[in-house]
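Working notes for the structure below.
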Amino acid sequence: MSATLLEGLNPEQLAAVTLPPVSALILAGAGSGKTRVLTTRIAWLLSTGQIGPHGVLAVTFTNKAAKEMLTRLSAQLPINARTLWIGTFHGLCNRFLRLHWRDAGLPEAFQIMDSADQQAAVKRLLKALNVDDEKYPPRELTYYINGNKEEGLRPDAVAAHDDYSRMQRQLYEEYERQCRREGVVDFAELLLRSYELLRDNAALRGHYQARFRHILIDEFQDTNRLQYQWLKLLAGKEPEGSAAAEGQSAAVFAVGDDDQSIYAFRGANVGNMHDFQRDFRVETVIRLEQNYRSHGNILDAANALIAHNRSRLGKNLWTEAPPGEPLRVYEAASDFEEAGFVVDEVKQMRRDGQSLADIAVLYRSNAQSRVLEHALFQAAIPYRVYGGLRFFERQEIKHALAYLRLLANPEDDNALLRVINFPARGIGNRTLELLQETARGTGTSLWLAACSGGAGRSAAAVGRFIQLIESMRHEAEGLRLPEKVLLVLERAGLLDHYRAEKEGQERLENLDQLISAAATFVQENQDDLTAFLAHASLEAGEHEARPGEDALQLMTVHAAKGLEFHAVFLTGLEEGLFPHDNSRDDPKGLEEERRLAYVALTRARRRLYLSLAQSRMLHGQTRLSVASRFLDEIPAALLKWLNRGYAPAAKPASTLRSNAEQEHGLRIGQQVEHPKFGGGVVVAFDGHGNNVNVQVNFGVQGVKWLALAQSRLTLLN
Ligand SMILES: Nc1ncnc2c1ncn2[C@@H]1O[C@H](COP(=O)(O)OP(=O)(O)OP(=O)(O)O)[C@@H](O)[C@H]1O
Ligand SMILES: [Mg+2]
């Protein structure tokens, strides 16, 4: 059995798969067979009877990778896949805590909070304690809590040197109390709690150390400190100096590529690769240098790109495969045209018999998917957004659409239920039940029930919500569709809400894309809210790939790690987008962006498209952009420009531009300052010359039309 398992492996791979039970590091570039070696080693250990399924623990980076590994193993071997501990760090910790909830001090049915839940919990806490959330912004506090947990620090171990940090520490403590009371754990807690349980419970630790004799970890370069500490405990390397643990530690088989470390921004510590060699006295470091995935030109491009990074462990990848075709570069006039290009090429490949599932469209930021999805929708090409949601299914988009639906029709119960308490305004479940009862009793909508004052104790809060919707409806009259969208985002408090969230940046970018979607809709169709809402529902559901249906794969570059496809489109290769604005001025950040680009290029087996757009719609407006430096870092001989130097579109795609914009630099979404009304955002303007009128949303001060010449407005950005 093991002979066929090992067939086709190259000598280094074979050596790695059949290593004796010692700790080892497999350091190798993309597509060199790391994941394959890891899976094959598990199969080899099992099939040669060196260990039973219960003795293996393997960590993957995604749930999908875990599932694939399990499927492959149970196809190869007569084993019950469920006995194998294969999963992500979070998945494995969850499994561990479910088994030992009592020892871990958790309720049996503890619930897991995702990051949005956690943020909401922190906000609730601040409110309950009457803490000023401007002084202690929820986002910052959540970051503080998670950061400490990832360092393994409980409140009593956190250093605090002034009043502010003492308060933070106290809030951390209160937050923990609240979680305990409610029986919930956040992501960081899953890990920390598992770690502490192993650390403090000698019997359990002994049991698991004796059990898991082989621990294997894929994508080791992206583990964080706490994950590494947890591994050390599990493998019997902790506590330090404990003689009992020495000599019987598990064999840890770590597989990684420093060039693909792309989660430093979330605390991943590539230094773990170095520490691992020291802590586990690793004597065997195996390098795999043959790439089996990509054609030569693709590999050469990736190698050349990553060579621009300074901090590397250094390795060189080669392939026996032929050079193949050059990389195809397409410079589009606009993001719409870029999407059109992707659609045309996908159609052609489909005609040539290529399955859609083996084609991936990659982008740096989630919000970029909107334009691509729109083009695919129009071309009726089924697609799936991998590792994320389709644009119109994203939480923030659904919230914004629900407000818009209420503007169009306040008696839309679903929309009302979605946002009556989002952002939180103190309207609880009991109030909603009461409203629903009233509505049922009188056979009316929730809106009418709410208007009739049937809201019990929270009547005032409900009243304010009704007022909010009414005033938005009033203000929206006569506004253009994209302006209506912006008005809703501002007035309903969605922008403020997500600005305060730790991971809110991506959601803000998506909301921004909703304004752009509205602007496009007006251009292509009509300026009508109801029609736009219908369009959004259709696009959300219509061409959704059915389970099992062949579908194009859309995803962020982060989500593509470890995967491979026949053909890959890497889109949006523009300065500011990729490399991302956030990292351009920071050399470390730039190197991480380059590693990310390296991950993207190395996903392709045979065909790689690189595309960029000279203009892109942001905030409902067209912005011009410059080609990404990464394109210059790939040798020109490997690139085939399909249309170099394409002239920008003669007319900007946005209809929001007007004379005023040129003369006064005004634009929708612009921040302004007024001596009397304070800070505001431009929502509309018209007229020209000396007669420009501008409409500004001053938040609590209301939305006002001002004559620009006399307004004493300062334009801020
Ligand atoms: N010895 C081999 N012979 C033929 N194909 C191989 C061999 N080793 C690996 N492959 C194939 O090469 C491709 C890349 O392998 P794999 O995904 O394991 O690489 P990896 O190093 O894990 O890549 P990444 O760094 O992107 O995660 C897969 O299709 C795999 O089946
Ligand atoms: Mg891999």
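Residue 1 is the first one shown; counting continues down the chain.
Keep in mind that glycine also has a Cβ here, set from the backbone N, Cα and C atoms.
Curation does not apply to TrEMBL; its annotations are automatic.
Listed in TrEMBL:
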type    : residues                               : note
DOMAIN  : 7-295                                  : domain 'UvrD-like helicase ATP-binding'
BINDING : A28, G29, A30, G31, S32, G33, K34, T35 : ATP binding site
DOMAIN  : 296-562                                : domain 'UvrD-like helicase C-terminal'
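All features noted in TrEMBL, drawn onto the structure.
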{"residue": "A28", "record": "ATP binding site", "Cβ neighbours (10 Å)": "25"}
{"residue": "G29", "record": "ATP binding site", "Cβ neighbours (10 Å)": "25"}
{"residue": "A30", "record": "ATP binding site", "Cβ neighbours (10 Å)": "24"}
{"residue": "G31", "record": "ATP binding site", "Cβ neighbours (10 Å)": "25"}
{"residue": "S32", "record": "ATP binding site", "Cβ neighbours (10 Å)": "27"}
{"residue": "G33", "record": "ATP binding site", "Cβ neighbours (10 Å)": "24"}
{"residue": "K34", "record": "ATP binding site", "Cβ neighbours (10 Å)": "24"}
{"residue": "T35", "record": "ATP binding site", "Cβ neighbours (10 Å)": "19"}
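Take the mean position of the Cβ atoms of A28, G29, A30, G31, S32, G33, K34, T35, the recorded ATP site; other residues of that chain with a Cβ within 8 Å of it are D257, L288, N291, R293. Following the DSSP three-state reduction, the secondary structure of K34 (ATP binding site) is helix. Checked against ligand 2, the binding-site residues S32, K34, T35 give K34, T35 in sequence order as having a Cβ less than 6 Å away from one of its atoms. Following the DSSP three-state reduction, the secondary structure of G29 (ATP binding site) is coil.
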